[in-house]
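Under the heading compositional bias 'Basic and acidic residues', Swiss-Prot lists 146-155. What Swiss-Prot records for 502-519 is compositional bias 'Acidic residues'. For Lys171, Lys432, Lys498, Lys659, the entry in Swiss-Prot reads SUMO2 cross-link, with the evidence type a large-scale study or a structure entry. Per Swiss-Prot, the feature SUMO1 cross-link maps to Lys498. The phosphoserine annotation in Swiss-Prot covers Ser161, Ser162, Ser192, Ser503, Ser522. Per Swiss-Prot, the feature region 'Required for Pol III complex stability' maps to 556-708.
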Amino acid sequence: MANEEDDPVVQEIDVYLAKSLAEKLYLFQYPVRPASMTYDDIPHLSAKIKPKQQKVELEMAIDTLNPNYCRSKGEQIALNVDGACADETSTYSSKLMDKQTFCSSQTTSNTSRYAAALYRQGELHLTPLHGILQLRPSFSYLDKADAKHREREAANEAGDSSQDEAEDDVKQITVRFSRPESEQARQRRVQSYEFLQKKHAEEPWVHLHYYGLRDSRSEHERQYLLCPGSSGVENTELVKSPSEYLMMLMPPSQEEEKDKPVAPSNVLSMAQLRTLPLADQIKILMKNVKVMPFANLMSLLGPSIDSVAVLRGIQKVAMLVQGNWVVKSDILYPKDSSSPHSGVPAEVLCRGRDFVMWKFTQSRWVVRKEVATVTKLCAEDVKDFLEHMAVVRINKGWEFILPYDGEFIKKHPDVVQRQHMLWTGIQAKLEKVYNLVKETMPKKPDAQSGPAGLVCGDQRIQVAKTKAQQNHALLERELQRRKEQLRVPAVPPGVRIKEEPVSEEGEEDEEQEAEEEPMDTSPSGLHSKLANGLPLGRAAGTDSFNGHPPQGCASTPVARELKAFVEATFQRQFVLTLSELKRLFNLHLASLPPGHTLFSGISDRMLQDTVLAAGCKQILVPFPPQTAASPDEQKVFALWESGDMSDQHRQVLLEIFSKNYRVRRNMIQSRLTQECGEDLSKQEVDKVLKDCCVSYGGMWYLKGTVQS
């Protein structure tokens, strides 16, 4: 109230908490009868209770002399229930329905907020309720009548058969032994309705004596509702601060949460979803939807969500396929899980699903039989993969479920390029794991190219020819301009320039450089290897020998970032093939933010030059003639000097492998002892072998040179 004087205190009442009946006091409610019609004056014939379940049954007499009682109907019910012959087990011994049973049900499981109050001599005594039960008439006698009817019918059918029939033939009995019950089966059995019913039935009934409202025993028990020694010191429950007293009197309700309808564990409302962090929202949506365009994701998250933050979050849980986002395999198949169909581990499932996703980056269509042949997975697992992201078309195969999203591709080129780098790394991994033939595969996954079915083959060839002619003309003009500049150099008087023919070897080098393919397909990547139409080394007026890049290039931000990556990588790995280095570099690019300087395009030549400039050397491993290693896998680079005590040991080891493809351990150990002039311990030899080599079939190979 705004003015406390308008709300004066009329009376102060002491409140006491009585606990004598706290574990025994129940409140009975009769919802089918008005409060004015009580059962107090009706004879109670019997009472029983199951304390653990808080289940009560009361038997009350029916006034058969009441003019409203239908005697003929009562006799008929008694006859149906007990039959014509009365015995000790009869429900109605008087052959008349003269009693009815009331069975209880719990109204609430949380009664901590309820109490019975007794006001006496200016004091309010509260006793907590142990349970609140509603009693309704039970019609179990109808079940007994049905059972009697079925028994009579069975007896009649048995009586029709001949009395002179021979004894039944001996029947064979099959004995079965139950298998040991697993923990999951036991939990399912314990949670079943049948088990709960059996558990409830096992609890014995406790028979009670009923005392009427005015009985002396009832009067005696009613005294326990008063707190003993209310003026003494014992009753300290309510000697609390006002806030503590209010909390005790009205504790926070937990019942509302229990009463809410329980939704399935995999269902989450949009209201609940938006209370979660953004990253969790994206993960839950993608895990449930599997495939989604970016525009749809933004509409589900709400208009107030920043698209940049969503882009950052979606790349952690999904991959870009044809402009749409497909949930990552490790989200659907977490570690330590397995296939419900075949039981294969999650790692194998993720690899197979990644192959399906990668196939859809190449084409709109995928054939299930081809996927099963490559991945060696069962048909059910492959079908699950395809159903996540495709729809089946009769006599055609599986088509990607969503149309190509060209709008997203145009709007977010940085994200597209980053995803392309990730797919390049995944492709390299799939080629190695599944031993895919490189000739049958595209050279590189196109950076989320448009749908293949929209442009025919002739049109593609014509477009490619046109672009090649345009680029060739531009490069020719730039080359002529550079030649003109080189023809009139500033030569001091009296200086004669010696002219020598260009060696065929140099021409071949130039041709080889011109044929080298850059690692990316970005427009800026066209100039990473060619400067004004000339190879980098030639355009700058100096060749790149022994890994030293052209003057001026080492100081650029791109060169510095690239060198830092190369040095850090070789400090960890020591020996890498060019193929593995490119894969690690693509993964490094995928972890960088959009717009980073390294996205400008790095060619193979520039990467190799940076490796050699970082203190590494190329090891010319003599691969066997029948090797299946690609040219990039045959280029092996190793850290020559790292500044630690193992440099000399590592250099000796690398010299051994420059003359041998594979070596035995005893040969390595003897050579190390010979070159270093001392006997090396087993730990020192193990360290240098672990840094640079792998063991296979009793032989040691440089890392990356073993062909599976």
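Our numbering is plain: 1 for the first residue shown, then up by one each step along the chain.
For all residues, glycine too, the Cβ spot is worked out from N, Cα and C.
For the pair formed by Lys432 (SUMO2 cross-link) and Lys659 (SUMO2 cross-link), distance between Cα atoms is given as 26 Å, rounded to the nearest Å. When the Cα atoms are compared, Lys659 (SUMO2 cross-link) and Ser192 (phosphoserine) turn out to be 72 Å apart. The Cβ neighbour count for Lys659 (SUMO2 cross-link), using a 10 Å radius over every protein chain in view, is 10. Across all of the region 'Required for Pol III complex stability' (556-708), the predicted model scores a mean pLDDT of 86. Classification of Lys659 (SUMO2 cross-link) by DSSP places it in coil, neither helical nor stranded. Under the three-state DSSP scheme, Lys432 (SUMO2 cross-link) falls in the helix class. The recorded positions in question are Ser192, Lys432, and the one with the fewest Cβ neighbours inside 10 Å is Ser192.
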